[in-house]
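S.K.: Next up is a structure, given as structure tokens.
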């Protein structure tokens, strides 16, 4: 019987417990309570209620938002995380078990996202814990800025800004503050943070069919982290426009959700919703910073980019803005061992990142060298003849190479080689220093690098660069035949080293290696036998044999004419 699932899981009912098992196997600093499946609590492995002398910071909620909340358990952040089933508030018994496991005489702070189930269950657990003698306070996070200010009792939803509240409260607790002071800092953080999300798809619950609520080419602004409807469904827009719109909603003076005015310093969080590649998240971050600076007059002093509070496999991201008071920054920069808190972000970022200049090549040449000589010496004439013959041979067999390559590859070998040959012809007329053999070979490589793509382009560039390295060891202007042979051998060795091929692999080496042997034996008066063209079926080898043969024949004819 086929396994029917659109996810890499076992039983859909076991995903949360199996997630927790994998999490604690991965991170030695984490442990869980032995109460599966009813009690699903992740806690610091180094904390027990009997010995813990700081305020315990506990959060949690329905699963499916990983790494939140369990991934943020660690010294300096959460002491424990209570995990409900997917998108379901954890039961009161589970929350109570977490409180009892980590709460010492300093008490505990419960940080709860503003959803009815979470408020009720955590609230009841808090009251029960108080009746048992524990000191407990609860902070509600409602940072959603997508919808108009609510008039009912529901309030704003808790979103990714909750993670920043976790960090601030955890750092405050780690510094030894009292429960009331830790709770005060957490409540203040809740008042200065706002979040809004945008999604290209809704999420798929384990064991459930994929939703088609959002059709192709559509996106939803303000979608909740459980798939709740957002503010508007519209056509997908470029990310610049999306980021600009989201930031305007968060910072709107009409809703006044966050007390952030022009001139303020802010923290920016770009949060992936589960199926958004890091590349897209970084693009969003790169667009958000200048928009905040130039359009809103804000100084962005911290940027956190990654997946912090997801919605299973939802495609999209949320943006969180928090007012960056100095005390807030100290808490955010404080050390933590929570495995999913980003590292390398602490410390003020510069107002503008100016790219580091590209360093010049050590092989940069003077204008005199990079120009075609007015008069060619004997070697210059020989190089010109050989290059003209080799490139013309490649251009003439362009269609044949394409036809051959279409039988064994993608059919563009001739076009690629011809493009390189044409560039070499044109560049030689302009600036090849033909009287200098080494520099001429180097410039051939530069021409190839500029216009030839694919594997053949980089291999021929390597060939020329390696030959150049050998030839420039010789100071004299006229390169002897055996020195050319050394350069040819060095170039072939470089192709074998970096390309991973050898003789018999059906590559250009099947033509070049025999040619190198002949060159070493007889010098430049000998050329590759035409049998190579028929004995090697690979189009790359055919191309190599063709240009080598043409160059060798041209040099032979020139020598005969000069004798």
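A Cβ is built for glycine as well, from the same backbone N, Cα and C atoms used for every other residue.
Source: prediction; values computed, not measured.
What TrEMBL shows for this protein is this:
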DOMAIN    11-341  domain 'DhaK'
BINDING   62, 63, 64, 65, 113, 118  substrate binding site
ACT_SITE  226  active site, tele-hemiaminal-histidine intermediate
DOMAIN    381-553  domain 'DhaL'
S.K.: What mean pLDDT score does the domain 'DhaK' (11-341) have in the model?
M.R.: 95
S.K.: Return the maximum Cα to Cα distance in Å (whole number) over the record's substrate-binding residues: 62, 63, 64, 65, 113, 118.
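M.R.: In whole numbers, the farthest two Cα atoms are 15 Å apart.
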S.K.: Reported as an integer number of Å, what is the Cα distance between residue 63 (substrate binding site) and the residue listed as 'active site, tele-hemiaminal-histidine intermediate'?
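M.R.: So the Cα of the residue listed as 'active site, tele-hemiaminal-histidine intermediate' lies 10 Å away from that of residue 63 (substrate binding site).
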S.K.: Would you list, in sequence order, the residues of this chain other than 62, 63, 64, 65, 113, 118 that have their CB within 8 A of the centroid of the site's CB atoms, where the site is the one recorded for substrate?
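M.R.: Close Cβ neighbours, site residues excluded: 60, 61, 68, 69, 84, 87, 88, 89, 115, 225, 226.
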S.K.: Taking the Cβ of residue 113 (substrate binding site) as reference, which residues of that chain separated by at least 6 in sequence fall under 8 Å from it?
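M.R.: Non-local contacts for residue 113 (substrate binding site): 61, 140, 141, 142, 157, 158, 159, 162.
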S.K.: When a 10 Å sphere is centred on the Cβ of residue 64 (substrate binding site), how many other Cβ atoms does it contain?
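M.R.: Other Cβ atoms within 10 Å of residue 64 (substrate binding site): 27.
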S.K.: Give me the CA-CA distance between residue 118 (substrate binding site) and residue 226 (active site, tele-hemiaminal-histidine intermediate), in Å, as a whole number.
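M.R.: Each residue's Cα considered, residue 118 (substrate binding site) and residue 226 (active site, tele-hemiaminal-histidine intermediate) end up 13 Å apart.
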S.K.: What's the CA-CA gap between residue 62 (substrate binding site) and residue 226 (active site, tele-hemiaminal-histidine intermediate) in angstrom, rounded?
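M.R.: The separation of the Cα atoms works out to 9 Å.
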S.K.: Are there any residues at least 6 positions away along the chain from residue 65 (substrate binding site) with a Cβ closer than 8 Å to its Cβ? List them or say none.
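M.R.: The answer is 225, 309, 310, 311.
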S.K.: Where residue 64 (substrate binding site) and residue 226 (active site, tele-hemiaminal-histidine intermediate) are concerned, what is their Cα separation in Å, rounded?
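M.R.: That comes out at 9 Å between the alpha carbons.
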S.K.: Cβ distance under 8 Å to the residue listed as 'active site, tele-hemiaminal-histidine intermediate', same chain, sequence separation 6 or more: which residues?
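M.R.: The answer is 62, 64, 87, 203, 311.
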